[in-house]
């Protein structure tokens, strides 16, 4: 009963923010981040457009699918991916209804790509689009996805994967700030960050089987800075600290463990922790370490082929074996002194002091407010230049 009362109160606050003039977007962001997120799809239809500053009054009509399909260089790939996306639809949905939605899904994707020739389709994009389609329907989904694609997802839609790799390079520095032991273990295992690639580029839509968890995360990500998904990825790894440290310290074992995401994660506390970490270690502070991580990857003669392979959805073990062989060839000379030196001279910040001070995992403590503030600073410009 207490929960219901809380929920009622929250719904009332959300509608109050929606009905105020001008709309109180900061309050809506707080609601989307705080416990339970936006609660219902009906509310999401009203709030998601506000979080993305999309005007719902004059949505463009959807073009006819037929000519879109004939003109599109991506049609065959999109079709394959959408056909494979059965499990992204609610179990028990009648086949004809699902097939109708899959056709809509193809049209939304092709429409956004046609209107934005600078965007490149990637496998996993459809996992994000289907989430919007199921929550808000095709017309609104098209407008939201277009905005999202030119902003939050922009880096994944470049012709190369350089910026995506760059975002993944934030993962280890975040883990390092919170738990040096897990960080060093993962470094020794040389596991890299590929295991988190599908999490990042699908906003976890591809890896979580319960749709409610997916939309809860979308509430959170839409309200925050575009790098928040990588903080959330770090929090999942940190949450599994014991499993990681109990694992064999080699690439294949750790990769295998981490790429199987547990389905019973404590989402609310992880969201709250990700918010905390974002406040304590904002992207600007981690940028230098992320750049160093990129540098280290390059010197280790890892040619990033693994990304291209992972992105065409080959089996991760083949990717890993190939990467391992390349590593062995290129890394003989790096072994020994170089390695020890870099580990010994790595500056350990006074992070323990920082973490002790920040026990902020309150439903809506200073952390959420700061996250909201950073989202607001970022939102009006909507120029997503995460990387100088």
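Each position is counted from 1, following the chain as shown.
Using N, Cα and C of the backbone, Cβ positions are placed for all residues, glycine too.
These features come from TrEMBL:
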type: DOMAIN; residues: 38-225; note: domain 'Rab-GAP TBC'
type: TRANSMEM; residues: 191-208; note: transmembrane segment
type: TRANSMEM; residues: 220-238; note: transmembrane segment
type: TRANSMEM; residues: 352-372; note: transmembrane segment
*Rounded mean pLDDT for the residues that make up the domain 'Rab-GAP TBC' (38-225)*: 93
*May I ask for the residues of the chain that lie six or more residues beyond the transmembrane segment (220-238) and have a Cβ under 8 Å from a Cβ within it?*
28-30, 32-33, 37, 48, 51-52, 151-152, 167-168, 170-171, 174-175, 178-179, 182, 186, 196, 199-200, 203-204, 244, 258, 261, 265, 270-271, 273-275, 277-278, 283, 371-372, 374-375, 378, 384, 386
